[in-house]
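According to TrEMBL, the protein carries these features:
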- 16, 40, 41, 42, 43, 44, 61, 89: S-adenosyl-L-methionine binding site (BINDING)
- 31-137: domain 'Methyltransferase' (DOMAIN)
Ligand SMILES: C[S@@+](CC[C@H](N)C(=O)[O-])C[C@H]1O[C@@H](n2cnc3c(N)ncnc32)[C@H](O)[C@@H]1O
């Protein structure tokens, strides 16, 4: 995994933290022939990690700032096997050919899952920090016939204090994997 500090970052656009990227990449079980869509690419943290491990990535986000940041990070890490597309995933997915999906942005998630199902996508990984979104994503995936497994990951980072080290907890993230 690339350390968070090596990415170009903007405070307004949260990057998926290194440890969460590591588990998410594991759940995607990528191989060199995979073509992956990154839905809600944000700062491009996941886009870069996915692209390094597969054939091609489509990175989608409706925010111009996110698109620009993703492009900057792709350039920084010299990633060429990626197309960055600005727009709403639900309007774009039907025009793309891919076999796995990573979901980092959850606006209109019901429609997105419906499209992924109709396109015959058999391997999806989604991340969310919002409890209600986790429930919604799990229910929608199961309603669309996927076998779902969710893990909730809490990462704590060490901090040096005068008497030694302490751990500072980050918010838990739910990582949902759907296959069939
Ligand atoms: C938490 S960020 C993703 C972080 C990213 N995985 C990273 O490592 O930097 C969520 C992003 O999803 C985008 N987003 C949410 N719903 C979307 C949708 N339906 N279509 C396209 N982009 C979406 C938001 O604009 C935001 O930039």
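Heads up, the Cβ atoms here are built off N, Cα and C, so glycines get one too.
Whatever TrEMBL says is automated annotation, not expert-curated.
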From the DSSP assignment alone, can you count helix, strand and coil residues within the domain 'Methyltransferase' (31-137)? 44 helix, 26 strand, 37 coil
How many angstrom lie between the most widely spaced Cα atoms of the S-adenosyl-L-methionine binders 16, 40, 41, 42, 43, 44, 61, 89? 19
Sequence gap of 6 or more, Cβ distance under 8 Å: name the residues on the same chain that satisfy this around residue 89 (S-adenosyl-L-methionine binding site), in order along the sequence. 37, 39, 40, 60, 105, 108, 112
Could you say whether, by DSSP, residue 16 (S-adenosyl-L-methionine binding site) belongs to a helix, a strand or a coil region? coil
Validating a neighbour-count step here. Other CB atoms within 10 A of the CB of residue 44 (S-adenosyl-L-methionine binding site): how many? 35
